[in-house]
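Per Swiss-Prot, domain 'KRAB' is recorded for 4-79, and the stated evidence type is sequence analysis. The feature zinc finger is assigned by Swiss-Prot to 196-218, 252-274, 280-302, 308-330, 336-358, 364-386, 392-413, 419-441, 447-469, 503-525, 531-553, 671-693 (among others).
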Amino acid sequence: MDSVAFEDVAINFTCEEWALLGPSQKSLYRDVMQETIRNLDCIGMIWQNHDIEEDQYKDLRRNLRCHMVERACEIKDNSQCGGPFTQTQDSIVNEKIPGVDPWESSECTDVLMGRSSLNCYVRVDSEHKPCEYQEYGEKPYTHTQCGTAFSYQPCFQIHERPQHGKKLYDCKECASFSSLENLQRHMAAHHGDGPRICKLCGNAFIWPSLFHMLRRTHTEEKPYEYEQCSTAFPAYSSTLRHERTHSGEKPYQCKQCGKAFSCSCYTQLYERTHTGEQSYECKQCGKAFYHLGSFQRHMIVHTGDGPHKCKICGKGFLSPSSVRRHKRTHTGEKPYECKYCGKAFSDCTGFRRHMITHTGDGPHKCKVCGKAFDSPSLCRRHETTHTGEKPYKCECGKAFSDFYYFRNHETTHTGEKPYKCKQCGKAFICCTYLQIHERIHTGERPYKCKQCGKAFRSSNYIRVHEKTHTGEKPYECKQCGKALSHLKSFQRHMIMHTGDGPHKCKICGKSFDSPSSFRRHERIHTGERPYKCKLCGKGFRSSSYIQLHERTHTGEKPYGCQQCGKALSDLSSFRRHMITHTGNGPHKCKICGKGFDYPSSVQRHERTHTGEKPYECKECGKAFSHSSYLRIHERVHTGEKPYKCKECGKPFHCPSAFHKHERTHSMEKPYKCKECGEAFHCISSFHKHEMTH
């Protein structure tokens, strides 16, 4: 077997070359080099068997250190090496490596142990001797020509070089370099046949090891397995980071609040929540982000051009794991199952949050009630329900406890909707709404109910639907005791009590929780009916009303009563019907105790006791207890008969007369006497018959 040359494992970039690399290339470089350093450390005692010169090894360390840090950093009293100390841009130190630390002198190109090294000690690591230290301030090495003094011999030796600081080797195409070796490597990478180009993403690399590392991100090869939990990783450095999740080690602390993290990059991201710094801004919609990963994910919303494509719908994603998660929306796969209640989840985050509801063992606890959460933001959001704090204030005076709701509210003033559907042009305030809307065009319904098989476009819709099977109603109104199955219904209900919806009608002052509800209400005042029935031309204020109306033409009755077999065309009628069997409506009549499903139904019923008839006909003055009775009566004056029999063509002015007539053709007799079994076409005949018993 051929021996491995030093150049096959040691990757050196000059600062000029480093500036030409992309972010993904730099990230891969760090992982490969950290791994290489560790491997070389392991064989450090037997250099003579591997034909690797010690100077090359030290150059390798120095070069890695040169590119392991980010942003310029000014340090006071930095005269030790005769120049300012800088941090090279576009990289982040993910973990500490023995002998690899970020503080570098721009004059001598050597690297010190850290900020503290400048104030206290200088490390000397020569010919593999144990580390020796010198007191800071002592500078035994003085340059005879310029008088500059150094405490560290390598700094002095580099300063003595006549070409120090000069770039003597020019690339005719683009840049200059301080050594012939660096120029040759640059020419191979950018102007020769040297670089290996990845066929999948187009990135180019000189070094085989860096190229192979990139390839693992595409093939998802993970050769480094952590023994304790068998989780595999593409890079050794990732394995070490993962190890901290088991050991609980968090060596990186936030300077402001002391919060600890397992990785320095997480600390840097977290510290931006204190400073408010959002370095990455989207030029298309203006949205700003704390860190690059979130920004890149956001840009895919605009471009749809992620490198990893879904084979089913072609949608692009930033990482293979994101594609896998997305595919589950097509397959319905939910690999994360709760051992306590059997509920399954498609992603790990949702599963972890759910488990906290059983174990109460989240890392972030509410100080008031002790409820646990998996993230500090969720905990803070919850705590505002106790304190009543609403820190996000709009210019209109309305305050919100959550930034997300605040941002959505702001769009009601600005009208800003940056996310636009490519097919119909409809715009939305957030990308989630756009994704759900796009499924209307594609017909995609990835969320299926396990009990009845019904499919839905959104996870919210299926959660609401599943509660119709379980009967779960977790949202209870403290004012009237009414329980509701989902949050939106609860919020709408609360507006009845508070009158504090964000959308207020200028004519009658009534409040609504959403713009769509508000627009529907406005049509009551304007008389606008934009939804027309294709069969009879009748107009309706809402799309849901026209859907119900069309069933009067088609005869569709999807809601069947299991107790008596009666079928109904709409859900509200079905619920009202069920109360006739159970008598268990949440809203009770104060006079007779009868239960109803809606407060409005109770009010209508109570008029049968009080005799109140608030709806009066303008033509003849006749009064009615309900608005629908008035509308039917008005057809007597207008001559309108919208309900036509398909069998004989006879028209009717009200649905009850129409349905009664239809039964003369179908011979259907839905009203059966329990005493003698005789059946009847209509309820009035049935009631008359009952009196004979």
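Glycine is no exception: its Cβ is also placed from the backbone N, Cα and C atoms.
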(request) Six or more residues out from either end of the zinc finger (392-413), which same-chain residues have a Cβ under 8 Å from its Cβ atoms? (result) 381, 384-385, 429-430, 502-503, 515
(message) Given a Cβ distance threshold of under 8 angstroms, which distant residues of the chain, six or more beyond its ends, lie next to the zinc finger (308-330)?
(response) 217, 220, 293, 296-297, 300, 346-347, 442, 444, 446-447
(message) Using a threshold of three or more Cβ pairs below 8 Å, and leaving out pairs closer than 6 in sequence, do the zinc finger (419-441) and the zinc finger (364-386) count as in contact?
(response) no
(message) Looking only at the zinc finger (447-469), how are its residues distributed among DSSP helix, strand and coil?
(response) 11 helix, 4 strand, 8 coil
(request) Give the residue counts of the zinc finger (364-386) per reduced DSSP state, in the order helix, strand, coil. (result) 11 helix, 4 strand, 8 coil
